[in-house]
Amino acid sequence: MITVMFAFISGVFAIFLIAAISGTLSERAGVVNISIEGFMTMGALSFAIVGSFMNEDGQNNWSQIIALPAAMAVSGLFALLHGYASIRLKSNQVVVGTAINILAQGIALYLATSGILGSDGTRIPTNYSPVRFDGNAGILNLYLVIAIVVVIAVGVFFTFTKTGKRYAAVGENPNAVDAAGINIIKYRYFAIVLSGMLAGLAGAMFVVVKTSGTFRGSTDGWGFLALAIMIVGQWRMKFIAPAALLFSVMFGLGEWLWAINGVPLFISQNADLLKVFPFLGSLLVMVLFSKWSKAPKASGIPFDKAKR
């Protein structure tokens, strides 16, 4: 059972890490993105629909490598709605993010329970299970490998590339960057679409890791937890990764501690209370780290050339 718990923590860590990086990529370019939950939901929905057709008999587990990019593509396109409203129309980015979350939730709940597009009337089954590289243990899985590749790629991008440094400058001082002849709008559109794609990838992983290959219309608020991880991690890769690991361990304990032999009787009899622990822990961590929080200076501020 301990091995099962660690395998679960591994998958959750991958989801939280990618989702938190998703928000970071958007905000480092100056676009507040509280719609990670909505993007994750659309990614999970797309992944489930594709998976329900490609793995209907449960014999094509590796077809996930097609369903995962499909989820990223759909979620990236969905993110264009956020980009158009917040970048082109200069709408309040928090309001836009809230609207995206509500819209995505409505679409997902309807399609997951409609009896069409792979739904059985209550959910969309994919019959997918985690792709493991270490036998039955499952600690080293496809999702963890993808997450590691993503965090390394993003770290290298921001640290060693000229484009990455310009990208970060767009979220700190867009007027100065614009004066240098760099297209702020292009960078911000790129940021929100890339953010949507990564959040969609995290949502697709959620379907396999958390809900055993089925989608019931929601990602259980994990996108909001990813926001908390991003803030605790100070919008920096070197801090986001340990923050994601901390939250993942809290979730693993909340889900599986009750089932481990030798735990106190009180814990095994009140297992449902443990599931509240990750959310309470999230609030506590947020409070403890809030006074050190330093968001990108231009985050949430629509770019206006006239104010340069």
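All residue numbers here begin at 1 and follow the chain in the order shown.
From the backbone N, Cα and C atoms, a Cβ is placed for every residue, glycine too.
Because TrEMBL annotations are produced automatically, they should be read as predictions rather than curated entries.
TrEMBL annotations:
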| type | residues | note |
| --- | --- | --- |
| TRANSMEM | 6-25 | transmembrane segment |
| TRANSMEM | 32-54 | transmembrane segment |
| TRANSMEM | 66-87 | transmembrane segment |
| TRANSMEM | 94-117 | transmembrane segment |
| TRANSMEM | 137-160 | transmembrane segment |
| TRANSMEM | 189-209 | transmembrane segment |
| TRANSMEM | 221-237 | transmembrane segment |
| TRANSMEM | 244-267 | transmembrane segment |
| TRANSMEM | 273-289 | transmembrane segment |
In contact by Cβ distance (the transmembrane segment (189-209), the transmembrane segment (66-87); 3 or more pairs under 8 Å): yes
Do we see three or more Cβ pairs under 8 Å linking the transmembrane segment (189-209) and the transmembrane segment (32-54), pairs being at least 6 apart in sequence? yes
If contact means at least 3 Cβ pairs within less than 8 Å, sequence distance 6 or more, would you call the transmembrane segment (94-117) and the transmembrane segment (137-160) in contact? no
Long-range neighbours of the transmembrane segment (32-54), counting only residues six or more past its ends (CB under 8 A): 19, 22-23, 26, 60, 63-64, 66-68, 70-75, 78-79, 82, 86, 93-94, 96-98, 100-105, 107-108, 111-112, 117-119, 124-128, 192, 195-196, 199-204, 206-207, 213-215, 217-219, 221-224, 226-227, 299-300
